[in-house]
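The block underneath contains the structure these notes are about, expressed in structure tokens.
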Amino acid sequence: MAFRALLTRRTLAAASGLGPNGGVATSFRGLQTFSLPDLPYDYGALQPAISGEIMQLHHQKHHQAYVTNYNKALEQLHDAMSKGDAPAVVKLQSAIKFNGGGLSDLICWVMQAGGGEPPKGSLGWAIDNNFGSVDALVQKMNAEGAALQGSGWVWLGVDKELKKLVVETTSNQDPLVTKGPSLVPLIGIDVWEHAYYLQYKNVRPDYLKNIWKVINWKYASEVYEKECP
């Protein structure tokens, strides 16, 4: 029983960093599953920074695939646990981690729902103290995102224990929490090719430059003030 409880927590942690809004959650045999949430805006709302075609493809195809495969893996996990099939349980962990991490796309949708206005208040002060200026932070995140080999994410996060801002990159679908259990994402930029290739081809730096025009600093500020009151 203790093993099953631990495994369930680890399964749900695959999508950690999302919090309770990491998708439309339902219960399946005692395990939390997800359905694809609607975007909080039209597919074309982020143009010209991100084309409507990219947003529709990213949301309807890629995000939907992560949700479908995550739920499928949970069902298979439940069956394997019921049968005491330990090798199958271990084998399923990679699928749960990968597809659960893909639910981070919801963070992407929320964080790209702004007009790019620079942060004010306590987050603005924290950025100045940690990085020197907003421009310096943007340059750092763009450089690290461009240098990330293969697919992954570049994050601005806050360490809620140390009350300090950090910039981190993660590979593939790994959420920010994999870099530390006290890290909370404020901004996440998806650098998988499906997030930009139709519009920017293989010029990732141009995508990173333009994504800041739609970054939702209001959301980032709200999360920061919640974690660092």
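Each residue, glycine too, has its Cβ placed from N, Cα and C.
Residues annotated as Mn(2+) binding site in TrEMBL: His58, Asp190, His194. The domain 'Manganese/iron superoxide dismutase N-terminal' annotation in TrEMBL covers 33-103. Under the heading domain 'Manganese/iron superoxide dismutase C-terminal', TrEMBL lists 119-222.
Helix, strand and coil residue tallies for the domain 'Manganese/iron superoxide dismutase N-terminal' (33-103), in that order: 54 helix, 3 strand, 14 coil [DSSP]. Cβ neighbours within 10 Å of His194 (Mn(2+) binding site), excluding its own Cβ and spanning all shown chains: 14. Sorting each residue of the domain 'Manganese/iron superoxide dismutase C-terminal' (119-222) by its DSSP state yields 53 helix, 24 strand, 27 coil. Packing around Asp190 (Mn(2+) binding site) is summarised by its Cβ count: 24 other Cβ atoms lie within 10 angstroms of its Cβ, all protein chains included.
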